[in-house]
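Peer 1: Below is a structure I'd like to ask you about.
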């Protein structure tokens, strides 16, 4: 868009202007047909306001413009796009959750050889204590996300949240290197809690940036301009945005898996070279691996901090203090809960499915460490197989979607169903030792199954972007992450109780997870992403009219996209 062109007024005018059906376009005036109604580009604002239900694509565009922001959009560059992809190593490859967790378990096991830990004024089996610890971490995170998520969409301070929590994670991971004695298990416990909490916060705010990265891609902005000028059908724009979201999510997982394979292969060589014939060697292995993998994490994540754009967020409504703006927008969303029913449905499904997906790894990880006797060599070999199969699965579904252009919902539903089968396998193991994660070979099989579960990891965030209001990405992503982590502490607490009541039979927890996951998949089937986009546009219209002054809404209409000289060629 050149400086001389005027972007159609989408958000400023609250009045409804319905285009007349009999209006004849001039020869030099482009027009777009929406349900047999001729709408000139300059009158498209009226059609958006009057009939958002007539066109999902137009409702999607309106979401981008209706809420006043603190500045112009900033185009996503190739450098920012690819460094964002590299950063994805952090959620799955950061060593605090894998080698750090195993190092903590080993220290506790050496301090309490009978695996009955004196903790919290009582004595618990180590498995139950670790699940309770996981629950405590997620409870702390829940409070943090509920508070920060309400404010993160305002202004342009969001990147500082990501940088700050990542720095805390760096420190915690390197601190694990210095923990070498069983008597230091409580110190390791504290470092692990801080590091895991920081990692989970990083995941939440990193995922929320996804919406803006896709929304400000040059091809998406160009497509939006073409719709507004009448050159392109709005439905085609909606399909493009959905595809770009799914494409980026698949690329994140493919590249993330490639980085995990690289890091785990080097880690495997380090572990093999050190050996593990004694407990001292085993602990030294973990300390060395934590040092190497922590350094690797720094290398692949820092470039994004350099490349990321400090994008504008929502304006604070005139006359409203910042401290009140967060709760005010939360209340506004609560008032619209019936209008946002599709988003609410996915929230419930997401809660239940994350219960299955997240707690499955916690429970199977405990069994894995017991079966392989905390072997760093085997654990990192498992990581390699899991990353190869997971990355292969992501690449497979990406190529399938590129060829057949199936919907994001189809991809996320398939992935959800695939997360149920490993829990069924583990549940059967509660009643037999033939299968159910009692043997080393089963953990090789579990890692290979990542090929099938990759679709859930790839599409859950893309689908969240489909059903949540675009300008509220940080609030809604924090809400979903909070819900996911709420299940992350409810699940471990309930699993811990089930294990205790079953006399230490860890596999009994899988029956609970299977039931929760099946319920979540059924609810997911009924979520309608197209209706969600229409609902979101109506919700944002109402909020803009209720909370923002006329001056703010008028100013929002003239915010132009920040275009560098070569932005269209990036």
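Glycine is no exception: its Cβ is also placed from the backbone N, Cα and C atoms.
Because TrEMBL annotations are produced automatically, they should be read as predictions rather than curated entries.
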Peer 1: Between 412-431, 532-551, which stretch does TrEMBL give the note transmembrane segment?
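Peer 2: Of 412-431, 532-551, TrEMBL gives transmembrane segment for 412-431.
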Peer 1: Would you please say which range out of 343-361, 362-380, 552-570 has the annotation transmembrane segment in TrEMBL?
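Peer 2: It is 343-361 that TrEMBL describes as transmembrane segment.
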Peer 1: From the ranges 215-237, 284-306, pick the one that TrEMBL records as transmembrane segment.
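Peer 2: Per TrEMBL, the stretch marked transmembrane segment is 284-306.
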Peer 1: Checking feature assignment: transmembrane segment per TrEMBL, candidates 313-335, 474-496. Which range matches?
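Peer 2: Feature transmembrane segment in TrEMBL: residues 474-496.
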Peer 1: So which range, 88-110, 157-179, gets flagged transmembrane segment in TrEMBL?
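Peer 2: That would be 157-179, the stretch labelled transmembrane segment in TrEMBL.
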Peer 1: Under 8 angstroms for C-beta pairs, at least 3 of them, ignoring pairs fewer than 6 apart in sequence. Is the transmembrane segment (284-306) in contact with the transmembrane segment (157-179) by that rule?
Peer 2: yes
Peer 1: Below 8 Å between Cβ atoms, which of the listed ranges 251-272, 381-400, 412-431, 443-462, 508-527 makes the most pairs with the transmembrane segment (343-361)?
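Peer 2: Looking only at 251-272, 381-400, 412-431, 443-462, 508-527, the most contacts with the transmembrane segment (343-361) come from 508-527.
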Peer 1: Do at least three CB pairs under 8 A connect the transmembrane segment (412-431) and the transmembrane segment (381-400), leaving out pairs fewer than 6 apart in sequence?
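Peer 2: No, since the transmembrane segment (381-400) and the transmembrane segment (412-431) share fewer than 3 Cβ pairs closer than 8 Å, they do not count as touching.
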Peer 1: Which residues, given as numbers and ranges, are at least 6 beyond the ends of the transmembrane segment (443-462) yet have a Cβ under 8 Å from it?
Peer 2: 207, 210, 242, 245-246, 248-250, 252-253, 350, 353, 357, 364, 368, 371-372, 378, 382-383, 385-387, 389-394, 396-398, 408, 411-412, 414-416, 418-419, 421-422, 425, 437
Peer 1: With Cβ-Cβ distances below 8 Å as the criterion, list the same-chain residues six or more beyond the ends of the transmembrane segment (412-431) that contact it, or say none.
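Peer 2: Distal contacts: 349, 353, 356-357, 360, 363-364, 367, 437-438, 442, 446, 449, 452-460, 462-463, 502, 505, 507-511, 513-514, 517-518, 520-521, 524-525.
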